[in-house]
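Now, the feature entries from Swiss-Prot:
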TRANSMEM  9-29  transmembrane segment
DOMAIN    30-147  domain 'EamA'
TRANSMEM  42-62  transmembrane segment
TRANSMEM  77-97  transmembrane segment
TRANSMEM  100-120  transmembrane segment
TRANSMEM  130-150  transmembrane segment
TRANSMEM  154-174  transmembrane segment
TRANSMEM  192-212  transmembrane segment
TRANSMEM  229-249  transmembrane segment
TRANSMEM  256-278  transmembrane segment
TRANSMEM  282-301  transmembrane segment
Amino acid sequence: MKMATNGRFFTIGLVASWYSSNIGVLLLNKYLLSNYGFKYPIFLTMCHMTACSLLSYVAIAWLKMVPMQTIRSRVQFFKIAALSLVFCVSVVFGNISLRFLPVSFNQAIGATTPFFTAVFAYLMTRKKEAWLTYFTLVPVVTGVVIASGGEPSFHLFGFLMCIAATAARALKSVLQGILLSSEGEKLNSMNLLLYMAPIAVVLLLPATLIMEKNVVGITIALARDDFRIVWYLLFNSALAYLVNLTNFLVTNHTSALTLQVLGNAKGAVAVVVSILIFKNPVSVTGMLGYSLTVCGVILYSEAKKRNKN
């Protein structure tokens, strides 16, 4: 009985950490890029990936949280590098969109990931779902169209960046299923991050130097005036790793259905918290649109589950 209670408390603690890190990194990204005025999304993403590289190594090589899996061939390495590139694009574009859009609208667009996943799965693998499953994607897309029309802080460039980030996130999940499908090449998410994050740093470094010139000098100058920026960046980067760690642990300690429900609720919680903190204007139309999208995502998940059974 005591073991079961302890296990329940451990799972609740994990879920709370998962929610806190996910919502925390999202809100802090928004604060830094928009409110604080640190307008360097590529450099910010590079900080995240550097932290993920270092902390992944500590967690796997030193703390032995999961067994270390090795890359077995050059082909597997190039597959991971391709995934890393798509991963970079999704995170950078997502951070760019946060400069221009409120978190609430950003989350509404992000909820359309299943739509893009279904599209890419069909285009790349010819994998067809039941018609009912595709039908449930109609409210997902319709909701975002309605939310866009009713969004007081709508920004076209931010909207396009967010759509691109969402599409890239879906593309990564489909690509991962294709590229690392054989038993010999499968990596758990912790090991995949261990290899993807350093590749991401290598890809982001030239992009940062070319597109965000003298960002290191600007950050150092900024730190001289306000040292809090250093703590913000360090905490934000550590949170970015914690998102991946808690996501892995929650996936391992809960059922697929629980994870689905928690994932759908997480976006809604992020929306409410962001509105309370940033006090961005919201419209009834926008909230109705977002609600319709969330309902569509829940129906889509349910339809996919029934189709499997």
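Placed from the backbone N, Cα and C atoms, the Cβ positions cover glycine too.
The structure displayed is predicted, hence computed values, not measured ones.
In the domain 'EamA' (30-147), helix, strand and coil residues by DSSP number 92 helix, 0 strand, 26 coil. Confidence in the domain 'EamA' (30-147), given as mean pLDDT, stands at 94.
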